[in-house]
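Here is the structure we will look at.
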Amino acid sequence: MRIAFLGTPDFAVTCLAELVASGHEIVCVYSQPPAPRGRGQDLKPSPVHAFAEGLGLPVRTPVSMKTPEEIAAFQALDLDAAVVVAFGQILVKDVLEAPKHGCFNLHASLLPRWRGAAPIQRAIMAGDAVTGVQVMRMSEGLDEGPILMSQQVAIADDDTAASLHDKLAAVGARLLPVALAAIEREVVQETPQAEDGVTYAKKIKSAEARIDWTRPAAEIDRHIRGLSPFPGAWFEAPSEKGPVRVKALLSRVEAASGVAGTTLDDALLIACGEGSIRLLKAQREGKGVQDAQTFTRGFPIATGTVLA
């Protein structure tokens, strides 16, 4: 089939690679415009953009898919289908209806739970035991379309957003070609989403990522894992030059107790509202990710220090 692929992050790269390998004609790849990245904040293409260019595929990076010019350009592609994976833009009706078979989205949750931008992070933070990937027909509503195919994925007790991301990307990449084959043969069954159990995975903002040490340790551990590596759960530690922001990237729940937010030893054991958290990996501003021993060697935090 003649397919357009719309995606931006690493999660979508895995899916695009599988579609290319499955033999479909990728007519055009759409991705978000180049954005400032890294310490120098130089403009760099998205992972999908860079991957597609490496394969010699045509790439478009519109600021908006809603302009008359972009809509007309998309319609002119004469597509059989469009596949959308974490693209990052809303598609209007004229775009959704342009391909012969329609536009299809791979979503990283079991809808209607966790509609929206951050389903992987939200599932871990909420303590869900199971998530999954689903292929759905896109509608004008946010992740509201009927489901074509679905596969569950268990969330392990030590999963981070990064590890669960990789699991879901691999499963989703295998599911997409199967779904497209059924779409091409017009034998796919579409199931409307349930009206009950709708939740929204809104984007994680910095203020929400801050650790609240008054919460139980198990909840804080999920918070840390769900936001690792990005955007990173964080707290502030005192220093001679003022508060220093520290990202907590890997942790372990322990039984020791004390005043919430207080360090119980000099090796990053921190009291919570219930139990305690042992930080295993951390990152302070301007530094790389370090294990606890390396971190405390360069930035000692004494027993009894109060963290904010």
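For all residues, glycine too, the Cβ spot is worked out from N, Cα and C.
Model, not experiment: these values are computed from the prediction.
Summarising the annotation, Swiss-Prot assigns (6S)-5,6,7,8-tetrahydrofolate binding site to S109, L110, L111, P112. All chains included, 21 other C-beta atoms sit within 10 angstroms of the C-beta of L110 ((6S)-5,6,7,8-tetrahydrofolate binding site).
Look at S109 ((6S)-5,6,7,8-tetrahydrofolate binding site): DSSP puts it in coil.
Within 8 A of the CB centroid of the (6S)-5,6,7,8-tetrahydrofolate site residues S109, L110, L111, P112, the other residues of that chain are H107, R113, W114, R115, P119, G132, Q134, D143, Q193. Residue density at L111 ((6S)-5,6,7,8-tetrahydrofolate binding site): 23 other Cβ atoms are found within 10 A of its Cβ, drawing on all protein chains shown.
Shown in sequence order, R115, P119, I120, R122, A123, T131, G132, V133, Q134, A201 are the residues of the chain, 6+ apart in sequence, with a C-beta less than 8 angstroms from the C-beta of S109 ((6S)-5,6,7,8-tetrahydrofolate binding site).
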